[in-house]
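Everything below concerns the one structure shown next.
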Amino acid sequence: MEENQFRIVLKKIAILASGSGSNAEEIIKHFHGSPKAEVILIGSNKPDAYVLERAKKFQIPAFVFSKGQLDGGEVTKKLLDAGADWVVLAGFLLKVPDNLITAFPDRIVNIHPALLPNYGGKGMYGMRVHEAVRNSGDGETGITIHLVNQHYDEGKIIFQAAVPISAEDSPEDIAQKVHQLEYKYFPKVIESLL
Ligand code: GAR
């Protein structure tokens, strides 16, 4: 019998993020010590993104890249070389190029801070989404976790959860409600996908 025959192989998760990285932190914590998966690498297209501080805090290797490096395939190579099985977009604001999608078919997952197909598409991210929801007068918003394909926010939807909002809620209040849903569900949904 081979020594490693029954060893459970940890799935390796790479995270791409452009901003604060509070979702990235929840994912890191969720998989800390997990027998199923670990976060092995964090990449950001913003040199001053707070997610890089969080990576440091949890001693997770991190790197910064430009849009040119993303589109040119250098980021894909880095993720492949690191042995990533899954790529998680946690507040990542650049369009994912074909070379990355081809390298990780149905293995890239994104979180969107609204109930797609509403309030999705190019230019709809972060507070812009919550401002649009506020201006719509909708009585609820939510989160959508989906696989990534060539079109912004149009990949297969894996999970959605809604939260009521009231006329008194500011875009910041809405963002906070959405963040609570994200923290509650995103790590668990990732785990269910692995
Ligand atoms: C999250 O609310 C996420 O859903 C959103 O950016 C925020 C990042 O927060 N993503 C998008 O808008 C993607 N279109 P975080 O950096 O604190 O995790």
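Quick reminder: no glycine exception, Cβ is built from N, Cα and C everywhere.
TrEMBL entries are annotated by machine, without manual review.
Over all protein chains present, the Cβ of His112 (active site, proton donor) has 26 other Cβ atoms lying within 10 Å. The active site, proton donor feature in TrEMBL is assigned to His112.
When secondary structure is read from DSSP and collapsed to three states, Gly21 (N(1)-(5-phospho-beta-D-ribosyl)glycinamide binding site) falls in the coil class. Take the CB of Gly21 (N(1)-(5-phospho-beta-D-ribosyl)glycinamide binding site) and look out to 10 A: across all protein chains shown you find 24 other CB atoms. Residues or ranges marked as N(1)-(5-phospho-beta-D-ribosyl)glycinamide binding site by TrEMBL: Gly21, Ser22, Asn23.
As annotated by TrEMBL, (6R)-10-formyltetrahydrofolate binding site applies to Asn110. For Asn110 ((6R)-10-formyltetrahydrofolate binding site), the Cβ neighbour count at a 10 Å cut-off comes to 22, with all displayed protein chains included.
The annotation domain 'Formyl transferase N-terminal' is assigned in TrEMBL to 11-190.
What TrEMBL records for Asp153 is site 'Raises pKa of active site His'. Using a 10 Å radius centred on the Cβ of Asp153 (site 'Raises pKa of active site His') and all shown protein chains, the other Cβ atoms total 20. Annotation note: Asp153 (site 'Raises pKa of active site His') sits in a coil segment as assigned by DSSP.
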When you average the Cβ positions of Gly21, Ser22, Asn23 for the N(1)-(5-phospho-beta-D-ribosyl)glycinamide site, which other residues in that chain have a Cβ within 8 Å of that mean position?
-> Ala17, Gly19, Ser20, Ala24, Glu25, Glu26, Ile27, Val51, Arg54, Ala90, Gly91
Between Asp153 (site 'Raises pKa of active site His') and His112 (active site, proton donor), find the distance joining the two CA atoms and give it rounded to the nearest Å.
-> 8
Candidates Gly21, Ser22, Asn23, His112, Asp153 (recorded positions) with CB under 6 Å from ligand 1, in sequence order, are Gly21, Ser22, Asn23, His112
Over the domain 'Formyl transferase N-terminal' (11-190), what is the model's mean pLDDT?
-> 96
Least surrounded among the binding-site residues, given as Ser22, Asn23, when other CB atoms within 10 Å are counted = Ser22
Of the binding-site residues listed as Gly21, Ser22, Asn23, the one whose CA lies nearest the CA of His112 (active site, proton donor) | Asn23
